[in-house]
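Peer 1: The annotation substrate binding site is assigned in TrEMBL to A:Arg330. Sequence annotations record features per position, and here TrEMBL assigns domain 'Aminotransferase class V' to A:21-320. The N6-(pyridoxal phosphate)lysine annotation in TrEMBL covers A:Lys187.
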2 protein chains.
Amino acid sequence: MHKKLFIPGPTEVMEDVLNVQAKPMIGHRSKEFSELLTSVVEKLKRVLATKNEVYIFTSSGTGVMEAAIRNCVKNKVLSLVCGAFSKRWAQIAKACNKEVATVEVDWGKAIKPEMVADALKKDHYDAVTLVHNETSTGVRNPIEGIAEVIKEYPDTFLLVDTVSSLMGDKIEIDKLGIDVCLASVQKCFALPPGMAVGVISERALKRSEEVTDKGYYFDFLVFKKYWEERRQTPTTPAISLIQALDYQLDRIEQEGVENRYQRHREMAEIVRGWAKKFFAMFSEEGYHSVTVSAITNTRGISVADLNKELGKQGYMISNGYGKLKEKTFRIAHMGDLTKEDINDLLGRINAILKLEG
Amino acid sequence: MHKKLFIPGPTEVMEDVLNVQAKPMIGHRSKEFSELLTSVVEKLKRVLATKNEVYIFTSSGTGVMEAAIRNCVKNKVLSLVCGAFSKRWAQIAKACNKEVATVEVDWGKAIKPEMVADALKKDHYDAVTLVHNETSTGVRNPIEGIAEVIKEYPDTFLLVDTVSSLMGDKIEIDKLGIDVCLASVQKCFALPPGMAVGVISERALKRSEEVTDKGYYFDFLVFKKYWEERRQTPTTPAISLIQALDYQLDRIEQEGVENRYQRHREMAEIVRGWAKKFFAMFSEEGYHSVTVSAITNTRGISVADLNKELGKQGYMISNGYGKLKEKTFRIAHMGDLTKEDINDLLGRINAILKLEG
């Protein structure tokens, strides 16, 4: 039996979207493919409201994090760490032989603009890395304020992992001056995993010209060349996923992006209301994610057992991430899920845990 | 209208294989996924007859070429160049700041073992890179002889791109001592693109421990850790493609690997016979690929026009690669294509070009 996914990625994929993957194969050096990719890129620029370049990477989001580091950081980077995935930014930068400084807060807390301001006063950094929506803790970092601070340092780039928020939470990429904004497609895009989207600023492409040891696979300039000369990707892309993305972008435009963001906010409100009634939110007040809620297990339930019972009914939520396992649990409300889906799920949890609804 | 693909990747994918991609989504940190990945890896080790580690990369084959360089080359690499993709090995190594020496032969010619022996006598290399089956020229390099030469240098690793041959042409990975053997799945595996398979030797994993600046995304040791501890991949993989791969490996085992290799040899024989009758083989005699034939355009036909006419009938072949465009054309006979498909295609080409069959 299929378990409907309320986990923070891969999220539930609609049947018609799944089926688009099964279209017959086409060559990636054909006119047909160039037209497909052009269609996808134009739609992406429209729904993301960006004038920056949009490239499709055959990798997970982590791959584009490494790409951002390799293309935009000459020497030193400041990593803002508030959970597992923001920690990964620092880990990747170190693995690429970059000097890394961090601003760290406890898991569950958000990075505040003034912390970034303090750090930037003390040293020069080629870039700052941020996770907009920390999937491990359900924290939405105040990107607007952080971006304002970074703008005071014109030579310091802003690299943002929006893996679990892009297309579910409104992010004004161009206005905020994000140099690399990246997301996997298996979260708020509600597609099967295997591909990532990178939105790259003009100055990030310029910086890439000045950096050595970028490697080849993630070199932005190679993507730029193939896009400009052929409307194609440098290497063979995940064609079935690109076909599904093209289809899904039509669905997103039919819903309307503002409606999509509103639906995510409403789903989040329902889960937060429920969590505050029966448990407590793990994320700091004022900084709750609109795509995934991390809930403190104040009742000391067995999250594993709850998920087992839900599984028998065809539903799946997430345990806490890493060290937060059993201490928290996570309910994702992202992608194509609806308020009805969320109410259905919470009703089932209430019944299993015998909570008075 | 769908065009049946006789191009050297992506190759034609069978309808039932395409459909497996549309299975409902599952979580990549679930028991269900660990079982799926274990199944895939066990089957891969069986059909490839290897005891080495097998990892699944969310990237094109080019990504695993970069991974091989980053994990196995400390300083200096010898690249054997006989076409566009073997040249890419050198390009990637340079982009990773490695010192690169090359042995180069004209396009259409094969690398001979004695050329490698001469080069290895003159300098020490951490690794030698080879393309087994050069897709751009239809040349099958004599890997058996080359591997024998390299074995005399126990500290020099053998990194082989078998992108367009693995699973169509028999390659005895363990016996030849290949340290990294890589392939994309859209060639002889006959799957949609977006994923690559890497077969990694024990000593390659050891070498990886000694190398810095590997980055994170392609670090073999991260793959090793997630595989050993969880039977999972480090980052979110292309789940729908892994489901399709699992299914396709059953089909391959049902056919029998030796039968599969034999079918490829027979398809190649048919195309070569036809090419020699009406045109000429571009690849050096004795070194013809069994998965893709590059044919010299001795008649001065317009390959583009031929492909246009074939397109109207629902078929597609490949023009020559890069500088070989119109001077050569390529017919792929790989994956799940059959002798009947090949005869059907050649009959249509004969009719279009008015060749006496």
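Including glycine, each Cβ sits where the backbone N, Cα and C put it.
Tell me about the setting of these features in this model.
Peer 2: Sequence-distant neighbours of A:Arg330 (substrate binding site) (same chain, six or more apart, CB under 8 Å from its CB) are A:Ile7, A:Pro8, A:Thr135, A:Gly138, A:Val292, A:Ser293, A:Ala294, A:Ile295, A:Ile317, A:Ser318, A:Asn319, A:Gly320, A:Tyr321, listed in sequence order. In the three-state DSSP reading, A:Arg330 (substrate binding site) counts as strand.
For A:Lys187 (N6-(pyridoxal phosphate)lysine), the same-chain residues 6+ apart in sequence whose C-beta sits under 8 angstroms from its C-beta are A:Pro8, A:Gly9, A:Pro10, A:Thr11, A:Val163, A:Ser164, A:Ser165, A:Leu166, A:Met167, A:Gly168, A:Thr291, A:Met334, A:Gly335.
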Peer 1: Please report the three-state DSSP label of A:Lys187 (N6-(pyridoxal phosphate)lysine).
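Peer 2: In three-state terms, A:Lys187 (N6-(pyridoxal phosphate)lysine) counts as coil.
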